[in-house]
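Features as listed in Swiss-Prot:
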BINDING   HIS120, TYR124  heme binding site
TOPO_DOM  1-8  topological domain 'Cytoplasmic'
TOPO_DOM  30-128  topological domain 'Extracellular'
TRANSMEM  9-29  transmembrane segment
Amino acid sequence: MQKRVRNRLITIIICFCSACLGISIILYNLEKNIVFFLPPSKINEIEQGKELRVGGLVKTDSINKIADDKISFVITDNIKDFEILYQGTLPTLFRKGQGIIAIGQLSNGKFIARQLLAKHDENYRPPQ
């Protein structure tokens with residue numbers, strides 16, 4: 001009887017340790033995806049060249065058209081402002097005061113976005 005209880009206890013301990021190890025590996029690999037985007041106040045110069053997702057509101061009167069498909073604008077989280085350069089087609093919902101998420105890299109103090117995602121509330125209706 002004693003040997004049977006000891007074997008069960010060892011099996012339970014091994015299963016528990018395996019589960020902890022599996023959860024640790026999953027959380028480590030999902031680390032960069034747990035937080036979908038960073039606000040401008042959390043961006044540091046240390047993250048140069050690293051792929052980032054930055055989110056905030058497009059600041060009023062900050063949208064500057066540089067070329068046909070190249071624009072510059074500022075996003076804010078009401079703590080810090082952050083300049084973004086983007087080349088490409090703008091999302092339909094892009095406008096001043098709108099929440100956006102920019103995906104790209106920090107280069108020389110400016111954020112070069114390769115993709116823009118416009119955020120919307122729960123009342124979104126596609127254009128007709």
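These residue numbers are counts, starting from 1, taken along the chain as shown.
Each residue, glycine too, has its Cβ placed from N, Cα and C.
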Overall pLDDT for the topological domain 'Cytoplasmic' (1-8), taken as the rounded mean: 87
Contacting positions for the topological domain 'Cytoplasmic' (1-8) when only residues 6+ beyond its ends and CB under 8 Å are counted: none
Per-state residue totals over the topological domain 'Extracellular' (30-128) - DSSP helix, strand, coil: 10 helix, 44 strand, 45 coil
Number of other Cβ atoms within 10 Å of the Cβ of HIS120 (heme binding site) across all protein chains: 12
